[in-house]
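J.: Taken from TrEMBL, the feature transmembrane segment applies to 74-96, 102-120, 132-152, 164-185, 197-218, 224-244, 256-276, 304-326.
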Amino acid sequence: MSFTLTHRLFLSPPQRTHLRFTFKPHTSKPIVSSPSKPSYRPIVSSLSHNSEHLSVTQAKPRWENMLSTAASLYPLYVTVGGIVACFKPSAFAWFVERGPSSYSFSLGLIMLAMGLTLELKDLLNLFTRRPLSILFGCVAQYTIMPTFAMVISKTLGLSPSLSVGLILLGCCPGGAASTVVTFIARGDVSLSTVMTVCTTLGAVILTPLLTMVLAGTYVSIDAIGLSISTLQVVVAPVLLGSYLQSTFPLVVKMITPFAPLFAVLLSSLLACSVFSGNVVRFNSSIVNASLVSDASLVSRLQSLLSGGLGAVILSVMLLHFTGFFVG
């Protein structure tokens, strides 16, 4: 009996100890969603993919913006100069008396100023990369303007002499002023310069041919003289300006902001000087006509404006407006 109790005492199973886990009540906190940040990965990848096509634009100084604004007032300068030329043509006599050498020299300076803003490689690349643009521009120059000149002369019923003059005006190529206006409009100055050269050289053949076909009158042109003048006034100054830009970049960088305004003022002086010369000839013709006839000066002027002069002004304005919008 005692053995059994002792045996049971030693063989009794050990007491089990249970681990106690303390469970705390879970209090749910409100979830505050942070605003989602915009993903910049597509933008960064796009920038890295097209990094070679991006150009860093720096803000221009205030004085450069003022110069650009002053250069964009080209129509205002021509208008004011034209009014001065009407009432006091002697104001431009100092420039007119030195012509035509003063005209050629001024045109060369204008193209030199434009050449400072161009690179020679840009001009050469036009012939290899964009030959169709040059061809299209030249074809448009010698088709749109001559055709409209003929249509306007027929519509207004101009006299044969005025019709020949208007058609001849339409068959003439663009000049240095077109490059200046292209620069002001922030267009393709390189293309405008190349077109000026090509159309001027093409005028040796095309201007007499188109005038003969459309007006029935042959206009003789000094081919050698026109070619030499084109080289002196257009080609050489542009090449010199491009060469100076590549050789003396720091000096040209300081001069370039002033070049457009200089070209605009010089081009305005050219236009107003030529206009003042025409005003002088027009005034002399009125005076001579009034001396011959018994009509007063005012009545003679009214007859001129209502006659040939008014038709010339209207036809020239229509030609340039239609050429501008259609072109």
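One is the number of the first residue shown, and numbering goes on along the chain from there.
From the backbone N, Cα and C atoms, a Cβ is placed for every residue, glycine too.
TrEMBL labels come from automatic prediction, so no person has curated them.
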J.: The transmembrane segment (164-185) and the transmembrane segment (256-276): do they have three or more Cβ pairs under 8 Å, with pairs 6 or more apart in sequence?
T.: yes
J.: For the transmembrane segment (102-120) and the transmembrane segment (197-218), check the count of CB pairs under 8 Å (sequence separation 6 or more) and say whether it reaches 3 or more.
T.: no
J.: Please give the sequence-distant neighbours of the transmembrane segment (132-152): residues at least 6 beyond its ends with Cβ less than 8 Å from one of its Cβ atoms.
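T.: For the transmembrane segment (132-152), the nonlocal Cβ contacts are 126, 163, 166-167, 169-171, 173-174, 191, 194-195, 198-199, 202, 206, 210, 214-215, 315, 318-319, 322-323, 326-327.
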J.: Mind checking which residues reach the transmembrane segment (164-185)? Cβ under 8 Å, same chain, six or more beyond either end.
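T.: Distant Cβ neighbours of the transmembrane segment (164-185) are 71-72, 74, 107, 110-111, 114, 117, 141-142, 145-150, 152-153, 158, 192-193, 195-196, 199-200, 202-203, 206-207, 210-211, 214-215, 217, 219, 233-234, 260, 263-264, 267, 270-271, 312, 315-316, 319, 323.
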